[in-house]
Amino acid sequence: MEFAIHEINNRTDLLPGITLGFQIHDSCSEVLMAVKVAFQFANGVEPFFNDTDSCSKSAAAAVPALVGESASTPSMSMTRMLGLFGIPQVIVTFKIPFLSILYTELQVSHFATCASKLVKHFGWTWIGAVRSDTDYGNNGMASFLKAAQEEGICVEYSESYYRTQPRSKLERVANVIRTSTARVIVAFLHSWDMLFLWQELLRKPLPPLQWIGSEGWIIQSDIKRCIGCGGVIGFSIPGSVIPGLREFLLDLSPAQALKSPLLTEFWESSFSCSLKGSSGGARKCNGSEDIRALQNTYTDTSQPRESNLVYKATYAIAHAIHGVICNDTQCDKSAKFTPWQILDQLKRVNFTTRNGYQVSFDANGDPVAAYELINWQVNKDGYLNFVSVGHYDSSRPRGQELSLNGVIIWVGGQTQVPRSVCSESCPPGTRKAVQKGKPVCCFDCIPCAEGEISNKTDSLNCMPCPPEFWPNTQQDICLPKPVEFLSWDDTLSIILTVFSIAGAIVAVSVAAVFYKHRASPIVRANNSELSFLLLFSLTLCFLCSLTFIGQPSDWSCMLRHTAFGITFVLCISCVLGKTIVVLMAFRATLPGSNAMKWFGPPQQRLSVLTFTLIQVLICTLWLAISPPLPFKNLKQYKERIILECALGSAIGFWAVLGYIGFLALLCFILAFLARKLPDNFNEAKFITFSMLIFCAVWVTFIPAYVSSPGKFTVAVEIFAILASSFGLFISIFAPKCFIIMFRPEQNTKKHLMGKATSKSL
């Protein structure tokens with residue numbers, strides 16, 4: 001402060017012709033002393049008085065402004081007094097809620113915000129907090145706890161202590177720290193409170209701790225003891241060299257030291273001598289003492305952090321006075337002004353110091369908050385270095401206030417960021433479930449439910465996958481569900497295709513044999529034309545099963561059901577025609593019967609055509625009203641999609657099957673009635689047997705079709721088509737082929753017309 005005033009008094013652009021004076025009082029960091037000094041500043045009474053002149057006003061006038069105390073609690077005590085008189089105090093600590101106070105260090109709220117952002121940056125969600133039981137500690141901790149809550153940080157404990165409290169309180173606080181699970185502690189502590197706490201902590205084994213605090217206790221505490229308590233990151237005021245300060249300090253002489261009680265004390269303690277003669281065993285200072293040879297905090301001006309605050313505060317008051325009594329060219333030495341005018345002008349100052357600091361205040365007395373992050377690092381020689389590892393600047397855009405630019409040495413000399421969490425992070429695929437009765441930072445990790453995922457760490461909820469997606473094994477991503485259908489390369493499809501093509505080839509081969517032996521009695525018997533039509537329809541039945549294989553499409557879905565329905569009706573119609581022919585043929589042998597006249601070849605063709613056209617009509621209506629189309633079945637299986645042909649109209653589907661069933665049942669009844677007619681080759685017996693097979697296949701098909709899963713539903717339908725087709729083919733044509741190929745002697749009209757003994761099936 002003396003250096004700043006010395007500079008100001010020698011400047012011609014600031015308060016030209018005006019000489020500033022000053023008074024320095026020592027509050028001894030005590031509230032009572034600070035209040036006494038505040039009274040002296042307010043009313044101009046000298047520090048000492050006698051009985052004859054007690055409390056009478058001296059010639060000294062009330063001061064217009066103060067550079068305040070560096071401790072918070074005494075500063076607040078002075079504020080409450082000085083605020084009544086409107087005397088501004090530019091303090092070097094934190095924000096005090098009086099309009100008459102302006103300050104040049106960071107507000108405690110800014111420190112709290114910065115500390116919470118630093119804790120958040122390193123992923124610490126479970127911390128401890130200790131504070132001095134003072135205005136600084138309590139207000140600072142209240143601000144920090146609010147900022148920490150906004151950042152999602154949980155505080156395991158918040159303890160307070162003041163050095164005058166009983167030792168039992170100190171032991172209790174130390175015990176809480178030792179037994180806690182938090183490994184990071186944010187401290188709003190005065191240096192002496194911090195020192196006492198660390199001394200108590202070191203009495204017993206201590207877990208590795210990381211401390212976050214302000215510069216005051218970092219610089220002033222017992223460093224050797226502090227190192228044993230863990231790693232430290234502190235928030236400090238940015239410091240830079242003040243030009244000319246070191247030279248000013250080193251020019252101190254014994255004569256100058258005598259002018260100030262503080263300097264006298266400094267000189268005598270530094271050189272172990274007395275300026276006022278030998279006293280208490282100390283030698284008298286003889287002038288050979290060289291202050292330049294001292295190596296202490298007084299002569300170290302490389303990073304004068306607190307000195308910078310005082311330097312800026314002194315210049316701020318000078319600029320405020322200049323704004324009140326000076327104009328552009330000169331100052332009015334006789335001008336009268338009040339502290340209120342200085343206060344108002346202080347809010348408007350805006351200047352840059354010689355070492356590059358911008359100084360200004362807003363209407364609330366707030367400067368721009370700027371911190372330097374200091375990390376304690378022990379070098380190879382065992383000495384402690386205070387290394388700048390980052391900055392905090394409240395004037396920067398939101399979210400960019402904090403920047404780190406150095407290697408941080410953590411507790412134990414580690415470079416890896418320590419962990420301090422109540423519960424480890426929940427990995428993707430799980431969600432957080434808060435433990436009952438504990439803070440939100442203490443939680444269990446619950447796996448996501450079936451069909452749900454979480455794709456980030458510490459998810460509060462799991463998200464369901466879209467309908468056509470399903471989680472992977474880790475449940476951290478939704479993958480497209482595999483689409484399942486009876487594809488051509490499926491083993492089951494290959495087997496069914498082989499049987500289908502084989503059936504068609506055999507049917508065509510039999511047709512060729514029949515054509516070659518078309519003049520033979522066994523082929524001509526019972527209408528050879530219907531036999532060839534039946535072989536043709538059976539070939540189509542075998543081949544229509546192929547339309548059920550492959551990826552369903554609009555055309556394949558419509559084709560497979562209609563082709564199946566029409567070809568089977570054509571097949572059953574032919575069998576029904578052959579059955580009626582058998583009945584009519586034997587009835588025609590009765591005397592006076594002309595049955596064959598009414599059911600000759602034209603009527604047989606017409607009956608087959610009529611029966612088939614009815615099915616064609618049913619299929620046409622089905623396709624016109626609600627045709628079968630491809631459908632993604634998402635309900636049958638959760639983890640995969642069944643691509644199938646939806647029936648469209650269930651009535652249409654069951655009408656097609658019902659009509660086939662009706663014709664098959666009619667054919668069975670007629671064939672059953674003709675089974676005992678006398679003949680060596682009664683075809684009705686084979687038709688009855690084929691209809692039994694056909695009906696048995698389709699009766700068992702219905703429950704199998706309904707209960708079969710996925711692509712096997714289609715396979716069951718194909719199997720039913722092939723089984724019933726092979727049943728018809730083998731029952732009706734195998735006996736005839738056997739006679740043609742292996743019993744040609746039986747392929748005669750005489751043998752076929754011979755009477756056979758009636759036997760039951």
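Cβ atoms are placed via backbone N, Cα and C, with glycine included.
Features as listed in TrEMBL:
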DOMAIN    492-756  domain 'G-protein coupled receptors family 3 profile'
TRANSMEM  492-515  transmembrane segment
TRANSMEM  530-550  transmembrane segment
TRANSMEM  562-586  transmembrane segment
TRANSMEM  606-625  transmembrane segment
TRANSMEM  651-674  transmembrane segment
TRANSMEM  686-706  transmembrane segment
TRANSMEM  718-742  transmembrane segment
### Query
Do the transmembrane segment (492-515) and the transmembrane segment (651-674) come together with 3 or more C-beta pairs under 8 Å, pairs six or more apart in sequence?
no
### Task
Answer with yes or no whether the transmembrane segment (651-674) touches the transmembrane segment (530-550) by the criterion of at least three Cβ pairs under 8 A, sequence separation 6 or more.
no
### Query
Which bits of the chain, at least 6 residues beyond where the transmembrane segment (606-625) starts or stops, bring a Cβ under 8 A of a Cβ in it?
530, 533, 558, 561-562, 565-566, 569-570, 572-574, 576-577, 580, 648-649, 652-653, 655-656, 659-660, 663
### Task
Within the domain 'G-protein coupled receptors family 3 profile' (492-756) only, compute the mean pLDDT.
81
### Query
Short question: which residues 6 or more past the ends of the transmembrane segment (686-706) have a Cβ under 8 Å from it?
572, 575, 578-579, 582, 657, 660-661, 664-665, 667-668, 671-672, 675, 713, 716-717, 720, 723-724, 727-728, 730-732, 735, 761
